[in-house]
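Inspection log for the structure reproduced underneath, given as structure tokens.
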Amino acid sequence: MSKEVSEEGKTHHGKDYVDPPPAPLLDMGELKSWSFYRALIAEFIATLLFLYVTVATVIGHKKQTGPCDGVGLLGIAWAFGGMIFVLVYCTAGISGGHINPAVTFGLFLARKVSLVRALGYMIAQCLGAICGVGFVKAFMKTPYNTLGGGANTVADGYSKGTALGAEIIGTFVLVYTVFSATDPKRSARDSHIPVLAPLPIGFAVFMVHLATIPITGTGINPARSFGAAVIYNNEKAWDDQWIFWVGPFLGALAAAAYHQYILRASAIKALGSFRSNATN
Amino acid sequence: MAKDVEGPDGFQTRDYEDPPPTPFFDAEELTKWSLYRAVIAEFVATLLFLYVTVLTVIGYKIQSDTKAGGVDCGGVGILGIAWAFGGMIFILVYCTAGISGGHINPAVTFGLFLARKVSLIRAVLYMVAQCLGAICGVGFVKAFQSSHYVNYGGGANFLADGYNTGTGLAAEIIGTFVLVYTVFSATDPKRNARDSHVPVLAPLPIGFAVFMVHLATIPITGTGINPARSFGAAVIFNKSKPWDDHWIFWVGPFIGATIAAFYHQFVLRASGSKSLGSFRSAANV
């Protein structure tokens, strides 16, 4: 996939991209920079807006009385995927546009963000989610309480194992797409249009919702599930809550390992063997 | 379509370069990690493709089955199913294009093989990986919801009632032609020279092609246009009707891919005419 880069008439097999150095595991210096706090605010606001729009869409759909009224499940899936597209687009340059603890966790495992930043982001995302769902409840309290509160639970007829599997694979699809969209190889080729990276990420969220809304209501974002569980505060939502943390974190772990050690072959590079060429 | 570019001696030259044809049989590829990485990428991508799409189909059928507590207009609808197929192709081609070329479909691999874009070894390995990935993807769906999977058709492709074999075959041929023609157009070196700043956009028309074909042919065959997708569902569902009709979902897509490869290489890119050195609109086409 690497391009040969030509320099002053000489063609050599150099890479046309640079792998950034791994983020330090614990970077206390970040705590002194305004950009870190600005990024936390951006994650908080983005997750707030994400939960507000999407949960309001869910409640609005359920509020319709006729079977063919409302936006339908397709509209709900569009709300989730479309909001991720818009918000990743808006926040990518500020915070990286995670809006999801599973994405943050995957990027942390791949040494793209430090532990301090990862924890800060996850807290901001969860608080933003709580506030976002809180706004929905504040604006439409009765429908919110009577129509499920946008909370994630395992649907009747599905086992916890099925739900966990759905969350793992769904999050794998999302985090794999995030890694592909932010790969420095791709950035080198698509450097004139980084604006488009959020599009496949939004589409990934859309697709996974189409597939898994009937099973779990689709989590793939622990902050989204946590925010709705906190505000709705229903026993069933809390009983199933672990699925919406364990599943996404396992999916993110698998995606990080797949991208870093198979597609980007970090392990093989470290061994210095079995490579197709020196630039791969 | 070619641009006139002033060469160093003032003559017109091309602003793109046709890569040389891939060797028909390239045994050296077998020694390269990049081949195996690409095969793994095709396997995983096809697995994810089948998992998400067949899960969408089954979920829709559950929620719209009024006899089993579903409702009219329940689920994502046919439109949602078409989006699932087209959208997954978009994101998976986007994710795997730089690793394996993002085929995710034996018909696409076959078309690119005919056009000498991939070697025989790579083509065969890709097809095997795609079929195995498809089986595993549908296998996951069945593993997670066995009774629903069996009761609601298993996402398998077969001819719908009221359509004959010829209609189904034609739908598959034309549908695959649309897809593979789009793939050739999106990966054309002429286009890459013009759109070099937006390679990310190539997966978008490919995904849209899949979406459109599904809108048109779901009522006829459930839409194959991807032999691995049909094969994976047939293997896991394992009922006589899908197996009886199964040949349609290999023959149709392969014929469609052949026509698309021929059309692009010998009509649009005029390879035959170029080799004869005649009948060209310009020396730099």
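Cβ from N, Cα, C; glycine included.
Here Swiss-Prot flags B:Met1 as N-acetylmethionine.
If you look up Swiss-Prot, you'll see B:1-17 marked as compositional bias 'Basic and acidic residues'.
Marked as region 'Disordered' by Swiss-Prot: B:1-21.
What Swiss-Prot lists as topological domain 'Cytoplasmic' is B:2-37 (among others), and the listing cites sequence analysis.
According to Swiss-Prot, the feature transmembrane segment maps to B:38-58 (among others), an assignment based on sequence analysis. Listed by sequence, the residues of this chain that lie at least six past the ends of the transmembrane segment (B:38-58) yet keep a Cβ under 8 A from its Cβ atoms are 76, 80-81, 84-85, 88-89, 92, 95-96, 99-104, 122, 125-126, 129-134, 136-138, 140-141, 144-145, 148-149, 152-155, 228-229, 232-233.
Residues annotated as topological domain 'Extracellular' in Swiss-Prot, with sequence analysis given as evidence: B:59-81 (among others). For the topological domain 'Extracellular' (B:59-81), same-chain residues at least 6 beyond its ends with a Cβ under 8 Å from one of its own Cβ atoms are 53, 148, 152-153, 214-215, 218.
Among the features that Swiss-Prot reports, transmembrane segment is placed at B:82-102 (among others).
Taken as a whole, the topological domain 'Cytoplasmic' (B:103-123) shows an average pLDDT of 94 in this prediction. Look at Swiss-Prot and you will find B:103-123 (among others) tagged as topological domain 'Cytoplasmic', backed by sequence analysis.
Residues 35, 38-40, 42-51, 54-55, 58, 100, 103-106, 109-110, 118, 150, 154-155, 227-229, 231-233, 235-237 of the same chain, all 6+ positions outside the transmembrane segment (B:124-144), place their C-beta atoms under 8 angstroms from a C-beta of that stretch. The transmembrane segment annotation in Swiss-Prot covers B:124-144 (among others).
Annotation source Swiss-Prot lists topological domain 'Extracellular' at B:145-165 (among others), citing sequence analysis.
Annotation comment: Swiss-Prot describes B:166-186 (among others) as transmembrane segment, evidence class sequence analysis.
Annotation source Swiss-Prot lists topological domain 'Cytoplasmic' at B:187-199 (among others).
Positions annotated as transmembrane segment by Swiss-Prot, on the basis of sequence analysis: B:200-220 (among others). For the transmembrane segment (B:200-220), the list of distant contacts is 78-79, 81-83, 85-91, 93-94, 97, 102, 159-160, 163, 167-168, 171-172, 175, 178-179, 182-183, 185-187: same-chain residues at least six beyond its ends, Cβ to Cβ under 8 Å.
What Swiss-Prot records for B:221-247 (among others) is topological domain 'Extracellular'.
Annotation comment: Swiss-Prot describes B:248-268 (among others) as transmembrane segment, evidence class sequence analysis.
According to Swiss-Prot, the feature topological domain 'Cytoplasmic' maps to B:269-285 (among others).
Helix, strand and coil residue tallies for the topological domain 'Cytoplasmic' (B:103-123), in that order: 13 helix, 0 strand, 8 coil [DSSP].
Applying DSSP to the topological domain 'Extracellular' (B:221-247) sorts its residues as follows: 17 helix, 0 strand, 10 coil. Summarised by DSSP class, the composition of the topological domain 'Extracellular' (B:59-81) is 13 helix, 0 strand, 10 coil. Remote same-chain partners of the topological domain 'Extracellular' (B:145-165), defined as residues 6 or more beyond its termini with a Cβ less than 8 Å from a stretch Cβ, comprise 50, 53-54, 57-58, 61-62, 65, 138, 219-224, 229-230, 233-234, 236-237, 239, 241-242, 244-246, 248-249.
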